[in-house]
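Per TrEMBL, the features are:
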DOMAIN    49-262  domain 'ABC transmembrane type-1'
TRANSMEM  53-74  transmembrane segment
TRANSMEM  86-106  transmembrane segment
TRANSMEM  135-158  transmembrane segment
TRANSMEM  193-214  transmembrane segment
TRANSMEM  246-267  transmembrane segment
Amino acid sequence: VATPIALGVWLSLHDWDPFLPSRPWVGLDNYADLFRSGSPIRGNFWRALRATALFTALSVPVLVTLPLLLALALNQRFPGRSFFRAMFFAPYVLGVAVVAMIWRLLLDPQVGAINHLLGKVGLPSDTGWTTAVPWVWVSLVGMTVWWTLGYNAVIYLAGLQNIHRELYDAARIDGATRWQQFWHVTIPGLRPVFVFVVTMTVLASANMFGQAYLVTGGGPGSETRTIIMYIADEGFRSFRLGAAAAMSYVQAFFLAVVNLVMFLLFFGRGGDEDVQ
């Protein structure tokens with residue numbers, strides 16, 4: 001772990017082009033260029049960061065709450081429960097390239113099945129799901145939810161099954177309603193799981209690459225070009241590895257701050273004691 005981190009820091013302090021013999025030391029200039037007015041990469045960097053933040057803000061609430069509701073349903077006893085658990089988890093085993101290909105075919109503005117079905121029921125059949133704002137965001141969030149919903153649901157389901165049934169029995173004896181049982185037994189019991197799900201979902205959303213790259217290509221314009229896409233462009237197309245490394249560490253710093261804030265919100269007031 002330490003070696004790649006150290007190498008990345010070293011790259012970020014140089015104007016590093018792998019095809020040039022000279023790789024001059026530039027100190028903190030690569031970092032300063034991300035904030036310096038007039039820098040050629042400043043505008044693109046912050047636009048990509050804004051697109052990433054927007055995707056994260058749109059996808060995380062859905063990927064935190066919807067899997068919880070699904071897990072609560074799948075935790076009940078009913079015929080075919082194992083089948084439905086497997087069915088909802090199945091998309092997660094697909095690679096991002098397969099998922100993107102499926103959804104690109106479904107969402108194609110000209111020949112996609114979704115626009116065709118919308119036209120059959122009298123709705124507009126020319127929606128630019130992959131070419132126009134805000135529909136590109138609806139598409140990216142929708143396909144990501146379909147792809148990863150089952151994973152978060154399984155994590156929640158494991159947490160639900162670790163909550164002792166005696167706690168619910170005691171709550172019922174005390175006259176607690178189902179809502180009170182959920183709020184005072186289920187939620188505290190799921191707190192560590194909830195922290196894990198939120199943290200991993202934020203990290204995954206903030207590092208989203210494949211969906212945008214393969215479905216929208218970062219378009220229209222650069223509306224859906226995420227920070228990982230821009231870092232990849234700078235590093236492997238423009239061969240500015242030093243600038244790309246600096247962007248990576250700035251993004252890592254922002255994510256560390258976000259995760260620290262989330263940790264303090266969940267555990268800063270002794271919330272972890274409720275689970276014990």
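Residue numbering: from 1, along the chain as shown.
Quick reminder: no glycine exception, Cβ is built from N, Cα and C everywhere.
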Annotated stretches the transmembrane segment (135-158) and the transmembrane segment (246-267) touching (3 or more Cβ pairs under 8 Å): no
Taking a Cβ cut-off under 8 Å, which residues six or more beyond the ends of the transmembrane segment (86-106) line up next to it in the same chain? 70, 74, 112-114, 130, 139, 142-143, 146-151, 153-154, 210-211, 214-215
Can you name the far-off residues of the same chain, 6+ from the ends of the transmembrane segment (53-74), with a Cβ under 8 Å from a Cβ of it? 81, 84-85, 88, 137, 140-141, 144-145, 148-157, 159-160, 186, 190, 194, 197-198, 201-202, 205-206, 208, 212, 224, 226
